[in-house]
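First, the structure itself, so that you have it in front of you.
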Amino acid sequence: MKASFCVIASCLVVFALKGTAEDTGTEDDFDYGNTGCPFPVLGNYKSNMTKPVGCKNKCGSGYEVLNDTTPCYVIDQKVFNNMVPLRQYSKCPLGFCENGECKPNDQAEDCYKGREEQK
């Protein structure tokens, strides 16, 4: 009797949690409020760190700009969009943000694009 009560109670909890899940729609429809919009990023398997692609990102009706000296990848948005997720690319050019642009610093490292949900 106690076991069946626990199973029923567990099912009700799961049902209640699923019922409260909210679909936020597409990224374009989501209101990020004061936190800004997500930047496209690339990762590095050796350091397990991500860096933004470029330093300026369209956000709503304007643009969000990263702080100067932020490390970044000097990769065009079109190139980023065509990258295959989880494939390692060699010699991804590195730079630092300066006035909304990723300025090359003559260094490069291997990089990869995350899965689509990790944009």
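Each Cβ is built from the backbone N, Cα and C atoms, and glycine gets one as well.
Per Swiss-Prot, the features are:
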SIGNAL    1-21  signal peptide
DISULFID  CYS37-CYS59  disulfide bond
CARBOHYD  ASN48  N-linked glycosylation site
DISULFID  CYS55-CYS97  disulfide bond
CARBOHYD  ASN67  N-linked glycosylation site
DISULFID  CYS72-CYS102  disulfide bond
DISULFID  CYS92-CYS111  disulfide bond
Write down the Cα-Cα distance for CYS72 (disulfide bond) and CYS97 (disulfide bond), rounded and given in Å.
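About 7 Å separates the two Cα atoms.
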By a simple count of other Cβ atoms within 10 Å, which of CYS92, CYS102, the disulfide-bonded residues in the record, is least packed?
CYS92
Restricting the comparison to the disulfide-bonded residues CYS37, CYS55, CYS59, CYS102, CYS111, which residue's C-alpha is spatially nearest the C-alpha of ASN67 (N-linked glycosylation site)?
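Its closest listed neighbour, by Cα, is CYS55.
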If one measures from the C-alpha of ASN48 (N-linked glycosylation site) to the C-alpha of CYS72 (disulfide bond), what distance in angstrom results, rounded to a whole number?
15
Measure the Cβ-based neighbour count of ASN67 (N-linked glycosylation site), defined as the other Cβ atoms within 10 Å of its Cβ.
7
If I take the alpha carbons of CYS72 (disulfide bond) and CYS55 (disulfide bond), what is the distance between them in whole Å?
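Cα-Cα distance, CYS72 (disulfide bond) to CYS55 (disulfide bond): 7 Å.
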If you run the three-state DSSP split on CYS59 (disulfide bond), which class comes out?
strand
Which of the three DSSP-derived classes (helix, strand, coil) applies to CYS111 (disulfide bond)?
strand
Could you give the Cα-Cα distance between CYS59 (disulfide bond) and CYS102 (disulfide bond), in whole Å?
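If we compare the Cα positions of CYS59 (disulfide bond) and CYS102 (disulfide bond), the gap is 18 Å.
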Excluding near sequence neighbours, so keeping only residues 6 or more apart in the same chain, what lies with its CB under 8 A of CYS55 (disulfide bond)?
VAL65, LEU66, THR70, CYS72, CYS97, GLU98, GLY100, GLU101, CYS102
Quick one: pull the CA-CA distance for CYS92 (disulfide bond) versus CYS37 (disulfide bond), whole Å only.
24
Could you state the whole-number distance in Å separating the C-alpha atoms of CYS111 (disulfide bond) and CYS37 (disulfide bond)?
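Counting only the Cα atoms, the answer is 22 Å.
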What are the non-local neighbours of CYS37 (disulfide bond), defined as same-chain residues 6+ apart in sequence with CB under 8 A from its CB?
ASN57, LYS58, CYS59, GLY60, GLU64
